[in-house]
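What follows is a set of notes on a single structure, which appears directly below.
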């Protein structure tokens, strides 16, 4: 209806436009509509000529192709629609409604998300000429339906006059600004009648009652409250019979179009709640119910119920026993008791109460013989008068309820273990059930334990009729193995539970049930026994250690599995697993890692890097150790230790129940097998002097993995029988080192190594000369770096030999091969000569190198007299010991100073010829030759006195120390003489003083007189 009124006003506005030029207008957009709901778009044309009834054509431009027109429907051409809309037009889902001759409405009954787009209304021209607009566009946006309305479906039974409250949840999640309206409806029984509106909250947040509920809304009998953002509650204070039927809630979502008109876009209804209303009845009946077995000592509760009364009657109840009133409760809840029962109520033996508006209760907590008889209740409906007193309107009484006490009968006792298990594992809970048969009565129970190999029972626990629990001496205090708990399941069933059992808990358990009787002097008792066994956890504990690869390649990964086998695998007991390691060089096991039963991981500190490359996984009865990047440090013996705890150990600090250690397992970490292969073919290179050459070292295959190579180049001169000399070495870290014989600047510049590719290395030799002739080869080493930073050599291969020859230059050096030998005395000088048989041209220079060799030792370069006259010593210490010079054009001399015994051996020289070559000119070694080996024998010299003295260490020490000893003795003698002379002088002086003292004493008087006279003379002067 809102859409039709909008369209009417829309077209009324458009008719007011002046007629002159054609103008087509459509509803202003954008228009937001929900998926699955209808939409109507109006189109009007004015200022047209021709017939009053104009034709309209509707098209859409979809967002996927905004420039492509998709034809929907036309009032002129039935075949106007494109294929995507043909079926919807035929089914009536899309149609055009003509409002007037120049106005239409495009209807889409059920929107789809693909219907979103820009809609165009076009009017074919009926004018004499084109003047004005012939089409107009508007945007339609299809949004998801997010409206939700829910209410639980239920059936309610109410009495007339009672209140009713129903809650409806309505929510939306639309991105656009929308309003929500909520309406409650009632459908009368039969389903064919139209729903009656009860009350609604409009989109403008205004409460609007339905036509039939206006008066009740004004009287606040019908209300609609919004409890939260999405919660709406319908409240009816006093139900009427006309309210019976099905109630439901309808939520409607509204949106405001650009022309400020509100349009609904979604609408949802909830499930229905069926309401049945019972008419109010003024009359009532009274019944009495008894809840008891009528046994002595048992409680008795009598309930007086009022049936079919009004909604809220004012009732008072009166209790009678054997026709005598014992208690009453008025309508205000005031209690009145007779004297005897007032005393029993004060002692807690009796309770009279009002359970509800229509229920009264009389409760006796412990029945006795005095309580046998007939009970009756009387209920009166009353109303309060103006004076405040209660006026009885009607009175009803219940039938009598007779109470007769039952006599105690013989009982049967059944004892069993919980879950029917008489064999449990250590640490498990042991639970016993003791059930007494017969009539309900207060019972007490006591539990006894007879350990194995004993006959005397031990008291475990007991519970009296009052529920007080007593524990035995050995069970009263929590011990190592747990606690004892006694529980009363019902009046006849008792449970004894011993948690964290130990092996000592095995044996026979006895349950004694007792019942007291007022008419008997002794209590009645019944007994039952059962035997149980507690098995040790350690008895079935087995630990095994295994590995899929006890022999591991270096840097590979290996795993160790510690498997626990026990007969109690289903108990899920906590385990502590300790991994231990004994290195190959030790006899002591060290802790690697400890996974405790409470989840804590403790790492040992024996292997520093072990934690960073180890993964530990642990399940209930299995622990796995995964070690990555194995090194030689991990070589050794492994074992695992398992400790079993009880299930409550997470909350206490009890020691383990059992433990076991696996067998030791040896893990060997070995180097991987080398797959290195080097080209072993030999070759010969013949070169011109002073040219450059390359010697290749080709690798045919290598081992897999992150391995590094070391390349070492060796050289063996042609003219000597010396061992291979190291030229250059490029180690596995790409550091280049020069051999001992190639440290000179000239040789460092001559030889260079290069890594051409991963599998090809070259030795570059610059300016080849005669001294470079010989054989060359390379040695390739494979190195593996372990995680601890240690390099390991996997293998070594040597290449084939490359022989380097020089093309003839016409020059040839010949050194005299005359055999020479000489004996020389120690500490003398000796000269060794090397002679040329012929001398070359004046442009030729010569250099000589002197070598020395001794049996069981390698050759040694002593000195090198270069072609330019410079001397280069093999060792710096030889500079003072020997001298090399050229005595003539054909003679070279090596002179040894102060020959020692160690200088004996073979000496020889190597003479090289040098000439200038190339531009710019450079001295090149063209040819060389060696002399015959010359033998030098050193004889020991004749010993002299100084030499003998120096050669004897004791004599040398004696000659050095003796003067000091004699000097010391002389000083001591002089000191003694001085001391004796001084002592003698002192004695003589003392003798003179004694004599002088006697003379002085004799002449004392005269001396005194003379002194006084002298003093007087001095004063007179």
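For all residues, glycine too, the Cβ spot is worked out from N, Cα and C.
Annotated disulfide bond per Swiss-Prot: 43-121 (among others), in sequence order. In the structure as shown, the Cβ atom of residue 121 (disulfide bond) sits within 10 Å of 25 other Cβ atoms.
Non-local neighbourhood of residue 249 (disulfide bond): 149, 151, 166, 168, 170, 182, 183, 184, 185, 232, 234, 269, 270, each in the same chain, at least six residues away, with C-beta under 8 Å from its C-beta. DSSP gives residue 249 (disulfide bond) a strand state. Sequence annotations record features per position, and here Swiss-Prot assigns disulfide bond to 168-249 (among others) based on sequence analysis.
As annotated by Swiss-Prot, disulfide bond applies to 304-377 (among others), with the evidence given as sequence analysis. When secondary structure is read from DSSP and collapsed to three states, residue 304 (disulfide bond) falls in the strand class. Other Cβ atoms within 10 Å of the Cβ of residue 304 (disulfide bond), summed over all protein chains shown, number 27.
The feature disulfide bond is assigned by Swiss-Prot to 434-511 (among others), with sequence analysis given as support. Cβ neighbour count for residue 434 (disulfide bond) (all protein chains, 10 Å cutoff from its Cβ): 27.
Listed in sequence order, 543, 544, 545, 577, 579, 622, 623, 624, 625, 640, 642, 662 are the same-chain residues at least 6 apart in sequence whose CB falls under 8 Å from the CB of residue 562 (disulfide bond). Swiss-Prot lists 562-640 (among others) with the feature disulfide bond.
The disulfide bond feature in Swiss-Prot is assigned to 697-778 (among others); the stated evidence is sequence analysis. The 10 Å shell around the Cβ of residue 697 (disulfide bond) contains 27 further Cβ atoms across the protein chains shown.
Residue 909 (disulfide bond) has a Cβ environment of 25 other Cβ atoms inside 10 Å. Taken from Swiss-Prot, the feature disulfide bond applies to 834-909 (among others).
Taken from Swiss-Prot, the feature domain 'Ig-like C2-type 1' covers 22-139.
Residues or ranges marked as domain 'Ig-like C2-type 2' in Swiss-Prot: 144-265. Taking DSSP states H, G and I as helix and E and B as strand, the domain 'Ig-like C2-type 2' (144-265) has 11 helix, 62 strand, 49 coil.
The feature domain 'Ig-like C2-type 3' is assigned by Swiss-Prot to 279-389.
Here Swiss-Prot flags 408-525 as domain 'Ig-like C2-type 4'.
Across the domain 'Ig-like C2-type 5' (541-651), the model assigns an average pLDDT of 85. Annotation comment: Swiss-Prot describes 541-651 as domain 'Ig-like C2-type 5'.
The annotation domain 'Ig-like C2-type 6' is assigned in Swiss-Prot to 656-794.
The feature domain 'Ig-like C2-type 7' is assigned by Swiss-Prot to 808-925.
Residues annotated as signal peptide in Swiss-Prot, with sequence analysis given as evidence: 1-20.
The feature topological domain 'Extracellular' is assigned by Swiss-Prot to 21-954, with sequence analysis given as support.
In this structure the alpha carbons, written CA, of residue 778 (disulfide bond) and residue 511 (disulfide bond) are 94 Å apart. Rounded to a whole number, the C-alpha distance linking residue 834 (disulfide bond) with residue 697 (disulfide bond) is 39 angstrom. Using CA atoms as reference points, the disulfide-bonded residues 43, 121, 304, 377, 909 were checked against residue 511 (disulfide bond), and the closest is 304. Residues within less than 8 Å, Cβ to Cβ, of residue 43 (disulfide bond) and separated from it by at least 6 positions along the same chain comprise 24, 25, 26, 27, 56, 58, 103, 104, 105, 106, 121, 136. Mapped onto DSSP helix, strand and coil, the domain 'Ig-like C2-type 7' (808-925) counts 6 helix, 59 strand, 53 coil. A separation of roughly 37 Å, to the nearest angstrom, links the Cα atoms of residue 304 (disulfide bond) and residue 434 (disulfide bond). Residue 640 (disulfide bond) has a Cβ environment of 26 other Cβ atoms inside 10 Å. Note on residue 511 (disulfide bond): other Cβ atoms within 10 Å of its Cβ, all shown chains, come to 25. The shortest Cα-Cα distance from residue 434 (disulfide bond) to any of the disulfide-bonded residues (377, 697, 909) is found for 377.
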